[in-house]
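**Q** One structure is given below, represented as structure tokens, and several questions about it will come after.
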């Protein structure tokens, strides 16, 4: 019985083992089959995805040749049109100040009164001397005339007559000299009233009543400034000025009809009245390497004060064959050369070196390297990575145009956009 039971157990164990092995092999085969199918599907899916990858989308502007007025913005300082330090021309004690500090004074208006006592006495003495010399001259002239009548009858000698004539002539010279001294004394007396030499705004008085002043002293009593119009002294580098002159001489830049300037004040606000350029200095400052330009600006409301810092925008001329290109479309190579990315009609992209002049607002003035109708990438250039040769381009909406106009993709027959594009609209990226 024991042997039969053992045999039965062995048969049961073998049967269980056999079914377990079959189950494991079946599961493994199914797993391999599923894995193989997954790899094939993944490979197939990957190939399909790679073949349908979309082209990078960029926004472009269309270059258009046009006359461009070239401006430059330079730093400057305002200066008074006339600056007159008031210096006394005679000495004495200041009796009174006759003006209010900071007020507008007229040319010839009294500013100070110097004690005139001594100079008035000198004037009166000169008057007395003139009167004395007049009387003496009259007496000698009468004597000379009398001797002339008497010499015919030999009542007086020829020598006495000659002496009388010479005495009268000497007295006439003395009178002329005393009259000149009288005029000088009168002028000095008038100088005791110190007057403003120009019309303008007075500054702070450097003296008070009771102060002793001397003729032609180095310290002015007060300074008067004429501030309408005002000068603006502008500093421009000699290199930039040389480049500008070369552009004008070569004909690439046409000299402006009028050299007008506009100012921006220290707080960033525009000054409402334009000025004009008067002249440029004939020499270069060796320390700064710059040339001073002087402009004249009306200042009827007194908004400008001497010494203010301003930015001056100058009209340098007109470039007849130029392009206005947004700054984001222009980059620079390691060598410093200006470069743009040009999109061909079929979407092919290629870099191109261009020649730039100056910036004007948010745009570059490009003077060489472009043709009418060239499409330049202005947004999305970061998507053009190594290996990317084609893109899908959308034209940026021109300034003031309907935003929907920027949705049309670029093709060979697309109408060129203006050279002053607005920022791309959101629909350009859809």
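The backbone N, Cα and C atoms fix where each Cβ goes, glycine too.
All annotation found in TrEMBL is predicted automatically rather than curated by experts.
Feature list, courtesy of TrEMBL:
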| type | residues | note |
| --- | --- | --- |
| COMPBIAS | 413-430 | compositional bias 'Low complexity' |
| DOMAIN | 86-225 | domain 'Multidrug resistance protein MdtA-like barrel-sandwich hybrid' |
| DOMAIN | 124-192 | domain 'Multidrug resistance protein MdtA-like alpha-helical hairpin' |
| DOMAIN | 229-317 | domain 'Multidrug resistance protein MdtA-like beta-barrel' |
| DOMAIN | 321-383 | domain 'Multidrug resistance protein MdtA-like C-terminal permuted SH3' |
| REGION | 396-430 | region 'Disordered' |
| SIGNAL | 1-35 | signal peptide |
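Neighbours and distances for these, please.
**A** When DSSP labels each residue, the domain 'Multidrug resistance protein MdtA-like barrel-sandwich hybrid' (86-225) comes out as 70 helix, 26 strand, 44 coil, counted as helix, strand and coil in that order.
The average per-residue pLDDT of the prediction over the domain 'Multidrug resistance protein MdtA-like alpha-helical hairpin' (124-192) is 92, rounded to a whole number.
Look at the domain 'Multidrug resistance protein MdtA-like beta-barrel' (229-317): DSSP puts its residues at 13 helix, 40 strand, 36 coil.
Each residue of the domain 'Multidrug resistance protein MdtA-like C-terminal permuted SH3' (321-383) gets a DSSP state, and the totals for helix, strand and coil are 6 helix, 38 strand, 19 coil.
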